[in-house]
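Feature list (source: TrEMBL):
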DOMAIN    A:8-227  domain 'CobB/CobQ-like glutamine amidotransferase'
ACT_SITE  A:CYS95  active site, nucleophile
BINDING   A:ARG136  substrate binding site
REGION    A:184-205  region 'Disordered'
COMPBIAS  A:184-194  compositional bias 'Gly residues'
ACT_SITE  A:HIS220  active site
Amino acid sequence: MRGVSATRIALIYPELLGTYGDGGNAIVLARRLRWRGLPAEVVNVPAGSPVPDGCDIYLLGGGEDAPQVLAADGIRQNRAILRAVGGGAAVLAVCAGYQVIGTSYPSGGRIHEGLGLVDIETRRSFGPPDAAPPPRAVGDIVVEPDPRLGLPTLFGYENHGGRTRRLPGAGGFPLGIVRRGVGDGSAAGGGEAGGRADDHGGAPGTDGIVDGRVIGTYLHGPVLAQNPALADLLLGFVHGSALRPLDGPPETVALREARHRALVTP
Amino acid sequence: MTTSFPRRFTARTQAALAVERLAAEASRRLGRGSGEMIGGKLALRVSPEMLAEVGSHRPSACVSGTNGKTTTTRLLARALGTLGPVTSNSGGANMAPGVLAALSRPPFDAAAALEVDEMWLPKVARQITPRVVLLLNISRDQLDRSNETRRIAAMWRELGGELPETTVVANVDDPLVAWAAAGWRRQVWVSAGQNWTADAMVCPQCAKLLYRNESGWWSECGLARPEPIVAVTGPRELLWYGRTIPARIDLPGRVNLGNAAMAAAAAREFGVEVEASLGAMTGLGDVQGRYQEVVLGEPGRRGRLLLAKNPAGWVEMMELLADAPPRPVVIDFNSQTADGRDPSWIWDVPLERLRGRQVLVTGERKEDMSVRLAYAEVAHSLHPSAEAAALAANEKVVDVVANYTAFRDLLVRCSR
Ligand SMILES: [Zn+2]
């Protein structure tokens, strides 16, 4: 249907939202298209310039406090991502980018307005105001994805101070259940816990959101390098059933086996 | 036992020095490393103020930054050595205990060239009031430990206010460093270069985007690259206080000439002429095994050891790897605590540049590196060890790029 026109992958403000190697997600998507014989174009959107309309996939990565706010202001100003999603584009937002596509997020001691693309909010803590905020979530993370997605276990690394929860009546559903690590730091079903996955009083926490063609998550690594099936899910949003299956590459199979040995096998 | 410690030290510090010496010797005898950490730790427990006592009455310089600390400290120690005895924590133990161990060796009036961890710099410098502080650069390192580059810069900036007698030798090409040093009483601005700019895109002063062009960087708020009085102007050339001088050292690469420029600028504050500094620096061919060629496993198989522990370090190594002849490259990659547990930064490294070379991968996280190389379309093979990789290489001599713990383990194995 799309003919020979290249799939355009927009890498948004990599200097601001690229702290954790998230630029790798663009490399992975472009390669997986080209390995299928499909043309791909990575559109680098440098900080300070407007987000372009008309891309097929928009990628937002992680960043430190000041860069996050600067990036969010740029993204909110021209609203190109909202228009593009309305027109069928896909979004992958990771870590700081995930927080930014929600309605609000904390940075530098203040609450900032987000893009409002998905119905989530992020705070330093959802606990009582007099309680110490939970520690920064840093470490390996393993997520069992929602069965509707048909994905295998997701591996990644997280590094964030915020805790995220879905708003009442939010669209979409959590990306998955956290088997190891923190993720959103809120229990499945919208609880207010903010600790490790295993101290929600038994209820496992969730990570991320899938709402239409928008995916948000705390997993970097970069997430698509460790989880090629998630990359193909995103590409499927754009190409539909025309996207032919792609095995491997064998290096990712070996990596996932190594991660499984290190993080899942007791 | 008799002590040779100066009488002006308090009894508590004399005791602490004795403890340090005993512990360090015992540790060395047991083969547990250089003994600097354990001795220094015990001594600090006996006398927490002793750092000030053994450090503040002597000419000293502290070297800090993400990359190049060890090399620059070694170069500075050589330059200061032209004046007399110098003590230095040359083993790389760069937190308070390691600094203390270096200061605990007689003579107690020797000049000190001290490598100091970025986070520890304020604590150490407040106690020993160094004559000079060298600030090299700030970039991401070990993301899971200290995640805010600006926080380090702010800490350094604040430190300047507490050290009115100290001169700061600062790299103007790193905006975070320049902003940190602007808060000090007296600066010597050096253009040592910066080939990694991704961590300094945002103005540390006003949080707006920085502008850059060929001649520097600046911000809307007025913060801008200071005019350097010392600069690396060519592969073997420095601008030095208004004149151009030839500068040749034995360590490879432009990055090391930048380190040498910083060290020479610092040595000048102690009265060492630049010619004497550079002269003393030549002859240093490797720093703790870096750039050194070692036998890898079997006789006849040799490897040049290169350390790259973060994206900035890797970009520097790319420059060295570009040297002809293009040797096979062994990548030894771990992610232990000292490396940073998160290996995702390898996606920021332009590994595509290795295409066309023979690349051999090993280390605890070799599978992560392998996926990165697969997506970079760099053909490569996996091996159980660097020695096995060297044996499988097409040539007798390889370049080995390793990150921190991989490098350390390799060095131990190769120097046995
Ligand atoms: Zn500014």
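Even glycines carry a Cβ here, placed using N, Cα and C.
Between the candidate recorded positions, A:CYS95, A:ARG136, the densest Cβ environment within 10 Å is the one around A:CYS95. Under the three-state DSSP scheme, the residue listed as 'active site, nucleophile' falls in the coil class. Other Cβ atoms within 10 Å of the Cβ of A:HIS220 (active site), summed over all protein chains shown, number 32. In this structure, the CA atom of A:ARG136 (substrate binding site) is 13 Å away from the CA atom of A:CYS95 (active site, nucleophile). Confidence over the domain 'CobB/CobQ-like glutamine amidotransferase' (A:8-227), given as mean pLDDT on the 0 to 100 scale, stands at 90. Cα of A:CYS95 (active site, nucleophile) to Cα of A:HIS220 (active site): a distance of 7 Å. A strand conformation is recorded for A:HIS220 (active site) in the three-state DSSP classification.
Closeness to ligand 1 is met by none of the recorded positions A:CYS95, A:ARG136, A:HIS220, no Cβ falling under 6 Å from the molecule.
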